[in-house]
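What TrEMBL annotates here:
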- 96-115: transmembrane segment (TRANSMEM)
- 136-157: transmembrane segment (TRANSMEM)
- 163-180: transmembrane segment (TRANSMEM)
- 200-220: transmembrane segment (TRANSMEM)
- 240-260: transmembrane segment (TRANSMEM)
- 308-333: transmembrane segment (TRANSMEM)
- 319-686: domain 'ABC transmembrane type-1' (DOMAIN)
- 353-375: transmembrane segment (TRANSMEM)
- 410-496: region 'Disordered' (REGION)
- 439-465: compositional bias 'Low complexity' (COMPBIAS)
- 472-483: compositional bias 'Basic and acidic residues' (COMPBIAS)
- 543-563: transmembrane segment (TRANSMEM)
- 732-975: domain 'ABC transporter' (DOMAIN)
- 963-990: coiled coil (COILED)
- 1051-1316: domain 'ABC transmembrane type-1' (DOMAIN)
- 1075-1099: transmembrane segment (TRANSMEM)
- 1152-1170: transmembrane segment (TRANSMEM)
- 1176-1195: transmembrane segment (TRANSMEM)
- 1266-1285: transmembrane segment (TRANSMEM)
- 1352-1589: domain 'ABC transporter' (DOMAIN)
């Protein structure tokens, strides 16, 4: 078995039959001649064309007459028509040239036939007749091809492309036959071309065939054929590019060169998205199988995706097979070439240049196959991402919105009730909300994963935890990875819905990105390549290869064991990363509260602690990864050692250079295959889990009843239609409603604790009056909002009998205004229009009637002002009126208005009632209004529904009827009527001062920052400079260690060749194989030791850098200004703290490590090549320069596109968040389709950038690969013909050159990827240089006793929101003694909230403020704010228990917290014996979504009382609380606060502040009055006196002022 691959060298004309007839020679039977094979192919082609034509005729005859478009009179010339049919002048010219070439071939064949006929007499008749048959068949073939080519040029569009395809295929067949007959024999030493007798005609024929069969098909552009002929779009260059352009990605060249010439390649310059990649096209193809509403099959999501994209997977599989086959050209060529050198050309009958050609074309073919594989794979990834993103989005529009909390108790499996800290019935939400959140039943099988979101219904209340469940509470993503078989269990409880959906379309889709490659590799490429490797090794090394195979099988469990532990650490890492990300996300959700409370340092400490825990897991994961890499290096080495040892020591065979170096290349392939397999296994598991999570979301989330599959027991009742006579009615009959379809099962849990679930009961019926104004009234938590939700179909409908129904006619349109106003991140105008046509007259009427004209005048940009994320530029009242304006402007006949007056002051409320609800735009439309302002609205109300606290209707009809049945309601109305007599005393319930400054720019939210050019050195040094305290020494040690490692690697390869050379110089028995094997083993151990040290050393440095960068980022964000936070969408900030930090930890850190390694690797390979072939130093340098220059050119385009890609992703996620937060409003308006269209636009935008990004990589890769192949082939030619070396040294040089050329692109790619991942560092760096508040200094630390009192002195205080903005406070001065209560009143824009922010130094201030004697501008901000407590109008809540909300840092015991709740008035809102009252252990959903606004204000007040600050500021903190509770709170504040606590109250009601010690009246940033109420009332021309005198409650207010004057001032 000296030359086991000789079968290839001996390959000649392959026999066609057993009789010895060959393909390349004229055999006894002319019908088996190789030149007739294309003729047979032509016959098959003709039959196929006939069959296709017949089927088209039959299909066209079957079409109805109306489907055939009417023919239009033809006015174009025949030539122009032919041009348009083929696709343009260029394509026409190419196809015409092909036709002419075929006619030339036909002429040559005829000439040959004619010439031969003249000479038949002088030839063997049998041979001549055979030859004539072949030539005649050739003539017929070319005639047939000429006819087809003519059709391809002049035929109709439906047939010309088909004809062209057949022509080109047959011509390639003919050309291949001639290559086999006449070119391959030239590569052999004992064969001659078969057709040499044809002389010059052969050359002419071959030249024509090459042009027509190869050149023209390769370079002819393709005709653009739209996917939908009715919708012709601008084609992408790839749709019209020639085959050669496609194979080499030359169609990307214009982008690369244009980008190289300009500073930034913008999105608008990118090539258009191909129509087959448009989401509309992909949805039509995939949704019938993937959408759960269209396909009820619960088959695994992976199989469905595979079925949808089966063609793409077939492409990937075929490219994998061809790439594997092409990869074996290199070892075969090396074995043949070195074998030729060893034998001196005496054994092989193939010329040596054939092996070099095989090496060259094999590598070229492999490169093309690899790049086309990646082209198809990346395209598949983009399509899967687009489809699943839209799938998740559309499904999210169908799910039921439920406030949700996490389970907080972890009961034992026996169901014991877990003890809690307070004696109250814990873990039960107690205040009756308008709705009830979802909850899981005790039956795990029936559980439905719950979700939460900031629902448009603010009063939804979710239960907290269930005690006694035999299951751990919340499980994170890591646990789901560990237990993929239980994706639908309660692990998702407590997860915010928007966050969960964002995870699905970011993290989970990211896991799916490589799924095409992973599946193809695991199922096809890896098994196929391993099989071929073992076959090849068996061919050259005999059964010793089987020993290597056995070694591989024995050692496989080792990396499997390591991989298992890596997955464990990965799960732990993800768990800790999730904890940090959750903290960051929650931090950004309440960042204003953190800054107002001075919690920055504590939050920073919390985040740093979580970051340290995360980095511990990251380090452990990296060290296990190092162990895995060492294992992947050692196993192939062991395989090779065992094989060579068996071959030389047991089989006693001679190792030669041809065997060693060809086997080494195959062992290298085997090593890479094993490494890739173990690398991909975790990725496949992650992809599987992500698919299961997506499947779980699609099939196990609760949908609103419109989309949900009805219960089998009630399907007959539910499916009953609304009776005909009630079709136009609005109402409900005999039904109950819950917030979850499993709520009815949740009354009792296994532990025995009752879990509250709200149920709305319509025991009889309720019908609202059409065309009239209907009111829904009742106490807090009675179900007013739930009744609206029930009408809209948002609640689960439980019919009581066969006559049950819900009727809300939607033909005339429905509009909905939520209590928690929902606005889009768009202009005010677009928020009002909401996609409706613009009618200027109607629009202006709406602005006037909704009291928006004055507000718009405050904005420089008017109604073009962007409202920002969540409407940050607007006050609460402005958002409420814009939400109302949207409903009024719409053409909907039914308006559902949920407490729209709650956020408005009395002036504005009165205006809305008189001008809007009584105006011409609302007249004649049906209005259903939930309200607490009964007295104000009652004069225009036609029908009133009064709900009781148990969710049942107390009465319906007139207001008097409702009052007769509800004493509490009567008392409330009487009290409110008294309040309404004082319309002017309601000063203004909004907080619009921000407008004065925010209006300066209509475009508040700035565009995402996009850097230009290369990533800056400063951004790189942010990481690289923090790897060590002495970075230069660190890098010297690190590079030196890697240099030693790769030097030994080179010596190791050379040593094998040196060992093989000993068999040439000595007898085999004189060569001590054990010695050479021992040295080789020592080298392997040295390599592994160096590798381990390098990884350990670098990981320690990278952990240090990661920690420092994160600390600096968090410190920067916590130290920024409120103004900057208003301008910057939260999603961008969170992206820096999550995605960019993650990229820095993983991709960037890994790229730095690999770049250093590959750089040293290349330098060592060049050194090895130059050591044996000094002349090739120059080509090596030129190749490196070529790769570097090409990489530099490519990088300009890649960086621009990558940055655009980063920016294009955020709008997709942002659209999700905005849509989910307003999903109830969207469904009420029926605006789902418009949001889907917007999603299409945003997803297509991302796809357009992503596809270009991936294609740029292909353009670069194939060019560097080609350059490396040329370099390697040139070296082989040089070593063979010009500077011959020994076979072993030649093999070593070629191995080094192959490694060098293979990794040139790897270096360029990694360098580019380093820059791309460095983009994340650049983005982090941007947020390190933002505007910041003054930092803390040692001099700013106040004395320990401070503040001893709440005394406040203000002198000449001015304030503005930005350095170039107008002043909002103008040199105001006042003094407040310790313990005084000061009321602050003023109209919109007067500066009330600006004053509170100025006292906390949240905005730019001038002047002097002294707090307890110390100037506040000299005190550190954290010290100042932690000693002042402010309660904003819209309080912010953390997700977690109520205890965590009141005392986030665990500084107080429960007694203090319960006292604070009592003082804040919470216990007045709930029954002490109610099992479901709010307690310290009650769970609060994120943002307080399961609490009403009023409940949140009460809890925020309690939180302020807990802080025990000497200065307490209430910024309209009780605006959403009813009068009775407000009175209780005000009484508590008078009695519960210490005598030295100063209280500043921004007033919502005059009654709130009339008994204050002092009242401050602000107007346009000036103090117009300040003094005791009794003193101000003596001023007959005073502002306060005018308000009180006009009040209907004048005497009471005077009495309150007098009583206050009689009390000591404190």
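Yeah, the Cβs are placed from backbone N, Cα and C, and that goes for glycine too.
Same-chain neighbours of the transmembrane segment (1176-1195): 256-257, 260, 1014, 1162, 1166, 1169-1170, 1256, 1259-1260, 1263-1264, 1267-1268, 1271, 1274-1275, 1278, 1297, 1300-1301, 1304-1305, 1307-1308, 1311-1312, 1315, counting only residues six or more beyond its ends whose CB sits under 8 Å from a CB of the stretch. Of the ranges 136-157, 308-333, 353-375, 543-563, 1152-1170, the one with the most Cβ pairs under 8 Å to the transmembrane segment (240-260) is 353-375. Within the model, the coiled coil (963-990) carries an average pLDDT of 54. The stretch from 136-157, 308-333, 1075-1099 that makes the most Cβ contacts under 8 Å with the transmembrane segment (1152-1170) is 1075-1099. Within its own chain, the transmembrane segment (136-157) has Cβ neighbours under 8 Å at 35-36, 38-39, 42, 45-46, 82, 85-86, 92, 95-96, 98-99, 102-103, 105-106, 109-110, 113, 163-164, 166-167, 170-171, 174, counting only residues six or more beyond its boundaries.
Fewer than three CB pairs closer than 8 A are found between the transmembrane segment (200-220) and the transmembrane segment (308-333), and contact between the two stretches is not assigned (pairs 6 or more residues apart). Among residues of the same chain six or more beyond the transmembrane segment (96-115), those with a C-beta under 8 A of the stretch's C-beta atoms are 132, 135-136, 138-139, 142-143, 145-146, 149-150, 152-153, 167-168, 171, 198, 201, 204-205, 208-209, 211-212, 216, 220.
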